């Protein structure tokens, strides 16, 4: 929490001395460093122990970060900001750009999963024959789609090339989005709609440090936060083996939300200052970076270090992510919000968490 406080102060100082798109990108980038430390350490640990549960936990953490940044972070900021300010406005044009990038991200990340659903084979266990009069009728449980194993023909001829193609296209789309937001159309992000409704409100009160000092403190705090993340991942084994809840739930909550503490604190601070545009942009940038940068980096890392990480998610991750992005796009459509809309986002997030809590653990865990 102290490191989260210093990271938030540094981000606030940097964003106050530039447009809020720069602040959101900086915030998301340093947050991604912390999260990647979690994920890579967990994948290496799983590869060394030959335990596939770590890969499933990492996938759950990636999905949990996406859901948290799309639903929980903006929803919580809307609720807390809406209690202080009756109605808050934000830059709907910048939110629209973030929504478009999120649709591209989710479509690309889950393309291999959809491919496997179409061309994979259904594998079932615990089948009972209820056939009569010479007919074979079975009732099966624990069914899931497989690509005839990772050594199968479909995996190598279809899914693996698709994963590498997506891992190249997503970072390229992210670079184009950066050029759009920071260079060619940066004027879109210079519109601080929230500030126009608060007389005498300026960004100068949140300039805690100079830009150089803020960058130095930000880098130092991020490195220390990554060390904490690495230490936490090394001691996650007792949680995985001794917990009575699903490993999906552990990944979505513990591994996903602990690195998000700086972003949650930052978003709340900006929402209280009636600068909801930056709060929303922070969550959107992190979600986009999870799909367009973090996942391709994990795929690339698995090429050089055989962690066994495959870009095929379970159905719960797939549909929860798609539904969350659609809901977020609907809420952000009109450019204004209140605490009720924020409550709706938070409630949907809690409902999804309840689904993960009662979901069975991955096979073999």
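Glycine is no exception: its Cβ is also placed from the backbone N, Cα and C atoms.
Listed in TrEMBL:
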- 11-111: domain 'Sodium/calcium exchanger membrane region' (DOMAIN)
- 20-41: transmembrane segment (TRANSMEM)
- 61-83: transmembrane segment (TRANSMEM)
- 95-115: transmembrane segment (TRANSMEM)
- 162-182: transmembrane segment (TRANSMEM)
- 214-356: domain 'Sodium/calcium exchanger membrane region' (DOMAIN)
- 239-258: transmembrane segment (TRANSMEM)
- 278-304: transmembrane segment (TRANSMEM)
- 339-359: transmembrane segment (TRANSMEM)
Can at least 3 Cβ pairs under 8 A be found between the transmembrane segment (239-258) and the transmembrane segment (95-115), with each pair 6 or more apart in sequence? no
Between the transmembrane segment (61-83) and the stretches 95-115, 162-182, 278-304, 339-359, work out which stretch tops the count of Cβ pairs under 8 Å. 339-359
Near the transmembrane segment (339-359), which residues from the same chain, at least 6 beyond its ends, have a CB less than 8 A from one of its CBs? 60, 67-68, 71-72, 74-83, 245-246, 248-249, 252-253, 316, 320, 324, 327-328, 331
In the domain 'Sodium/calcium exchanger membrane region' (11-111), how many residues does DSSP assign to helix, to strand and to coil? 87 helix, 2 strand, 12 coil
